[in-house]
Structure formats: C-alpha cells, structure tokens
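Going by TrEMBL, these are the annotated features:
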type: ACT_SITE; residues: S91; note: active site, acyl-ester intermediate
type: ACT_SITE; residues: K94; note: active site, proton acceptor
type: ACT_SITE; residues: S146; note: active site
type: BINDING; residues: K251; note: substrate binding site
type: DOMAIN; residues: 56-281; note: domain 'Peptidase S11 D-alanyl-D-alanine carboxypeptidase A N-terminal'
type: TRANSMEM; residues: 391-412; note: transmembrane segment
Amino acid sequence: MDFYNFLHFSYFFLSIYTIFMETMKRTYLYIARNAFLFLFVLQFCLPIEQAEATVETEEPSVNSQSAILIDSRSGDVLYEKNPDEEMAPASITKIATGIIALEADRAGEQVIVSRNARQTDGTRIFLAEGEQKPLEDLVYGLLMNSGNDAAVAIAEHIDGSVAEFSQRMNKFAASVGATHTHFTNPSGLYEKEHTTTAADMAKIAAHAMKNEKFREIVSTRMKTWEGKEWKSKLINHNKMLVSYQGANGIKNGFTQQSGFTLVTSAERNGTEFIAVLLKANSDKQIYKDATKLLDYGFAHFKTVPVLKAGAKISGETSDYYAGESVYASIPKDDKFKVRVAPGDDLIVETSSGLTRQYPSVLNKEQHVTAGAPNERIAVSGMEHSYSLPEFFMLFFWWLMISFMSWVMVLLLKKKRV
C-alpha cells in the first residue's frame, strides 16, 4: 500500500476510531490517541528494509526489430533488444542534423534555400527556391514537420553541401559514442550505407536532449509557419506528445526500406527515459511498443543523484573528484551506496544487488567549473534514506488527521447537546 492510498484508509480508520474515543474527555487520552495514529501512519511511510530484495526482471515484449530504453541522465540501459543491429534510421536521422545545427551557434543566420533543397523528395515544408528563413526556423520545420527540404537547406548553409555536412554528422556521432553509425545525408532518405543502431540513436538523442532549445523544439506540438509560398501551421509528427503522460520529445520516421522508426522521451518527477525503436511493421505498433517501454521504466526505476560536479569521494588509496554530476537509474524501492573501483571507476551498488559502473567520471585532480560545489562525499554516507521533505509531508498529514479528529469530536459533542 503506497502513501497516498494509505491516507484514504487512514481517514476511514480515523472516522471509526474517533466515534469510539469521543467520549474520552481527559487530555492524556487524547494525546495518546494521536500518538497512536502518528505511529500507525509512520509504519507505512518509512522505507522498509527487506532481507532479500530482488530486482524486478519482468520485461516488456516489443515487436519492433530493435529497441532500447535508457535513463536520459545516467545513460543506464534498462531494456534492450538487438541494440547493436545496424539498420536504416529514416527521419530520426534529423535528430543529429538538428542538434548539429543548434550547436553551431548560428541560429539567427538567414538561410537562402537552393534549388537542390527545393527539389528534395519526401516529406517537406515546401520551401521555395531563393526563400530566406532563419536557421532556427528551419530546425523547427526539420524536427516538427520532418522537412527533408529543411534538412538539405541546413546542410548546405553550414557546410556548403550535403556530402560535407554528412562528414560533420559522422564526426559528431563518433564524439557521443555512436560508433556503429554512418550517415550519408541529413534527412534520412534511404541510402544503403546510411545506417545506425538503436544503442547509437539513444546516445545521440540523450546528447541532443541536454540542449534546452532542442528540447523546446521537439516538445512543441504546433507552430505557426509563414513561408514564401504558403502560410500554415507546423504539426509535430510525434504522436506520443498527445497520447503519453510526460512525453517531451523527440522524433519519428518512416521509409519503405526502414519501416517505422521512433525515438521518444518522457519525464515524470525528475526521472526521464528515452526509448528507441527501429523497424516496426506499423505506425500503431511502434507507438504501442514505445508505451510499453516507457511504462516499464516508470514502473520499476528512478533516477537518483549520486555525485555533484566537483564533489570529493574517498577511495582506498586517494581522494577523487567528480568531473561532472553523476546520476544513476536504480530500482524504485532500492537504497544505494557508492565506492571507487581499483580502475578509478565509480561503482553504485543498490540494496537489491544491482551494480552500476561509471568510467571516466572521476579525476584525481579537481577540475570544477565556476559555481560548482566543492563538497566532500563519504562513501559510507551515500545511502538514500528518509528525506527531510518526506518527513515534513508526513508531519503535515499528522496535523491534518489531528485536526479532523478534533473537528469530529466537536461535531459529535454538539450533536449530543
């Protein structure tokens, strides 16, 4: 029974208990009653340490040929199916195109649309030859309406040609760890050598979702568009934005050769997951698979902060500093502790026996960006326990129960009079 369901039970229990106790007028009995109620509520709210906790192993069944679910902040893999199988990505390619364009820091520049961009096949936003649009507007058209003409216009503006921009895309992919990806165009139109994997797309998406402007664009459902040849509204093609609670991105795709593809994300209560699905047989099926993966993540895992950037942690032989903020995805009911492995990797161990390993996040010398905390974290002090905000919430409900009890006593006394 969770805390909020228990509140309803507590209120029912209180009603009966108050009727039974209302005749007891002495102060010490009233205090004893409320103390009993507080302890009764407390036993259901405090975390319970189980002797032999086990990690939930039941995983969803998805029909897409390849799939992966990761924690957006930590990168932890929570589910995978053929994650390294190379496949055609279709328009989820535009995730890479979009983030590269935004990171080029040229959002306000005017892009002149070429004839080549105007004549691009597939889904378009109907750019006219010679039309001028701010680069940022084209990124909206790229990511929301999946404009292939916008993809080519962006590529030509940044690097002069699709071929040169594709080389930039491949360098970018390698820089974020997407080592089994090879892009040959910025739109995702099918070409034999244009391939990626679910695992690689998850890394690309996680990197992109760290950019606030990118997040804003892929979470936008509708945007007014004023083009040279037409005025309309851009409609985001990602159906998860309207069908799934907490959905906040990012891109879908389809070609005859690739089948249906989707990268989607959702955030609830500080935990954000990214699901990637490749080669589904139908639009309906891929969204069903995405829902299964995200539901699985939110049902069983939570994101916890492990170390702040610049925090100090003691190893067996020396001290280490976190080069960046470190998060971990752990089972929802677990506590955790951290230690430094012999190879200088950070290890997170949970109460159910799950172990996470994070390489290259610790330094023996402190490298802290401006404003980052210099905080010492003891290894033995990292267990997650009952938090102060949770205690105040519990105390608040105890006061509410006490108040309701007092009101009911007054009402019953008034009725008797």
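Cβ coordinates come from backbone N, Cα and C, glycine included.
Where the annotation comes from TrEMBL, it is an automatic prediction and has not been curated.
Everything TrEMBL records as a feature, shown here on the structure.
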residue: S91; record: active site, acyl-ester intermediate; DSSP class: helix
residue: S146; record: active site; DSSP class: coil
residue: K251; record: substrate binding site; DSSP class: strand
CB contacts for the residue listed as 'active site, proton acceptor' [other CB atoms within 10 A, all chains]: 28
Same-chain residues at least 6 apart in sequence whose Cβ lies under 8 Å from S91 (active site, acyl-ester intermediate): T123, S146, S187, G188, K251, N252, G253, F254, T261
Confidence summary (mean pLDDT) of the domain 'Peptidase S11 D-alanyl-D-alanine carboxypeptidase A N-terminal' (56-281): 96
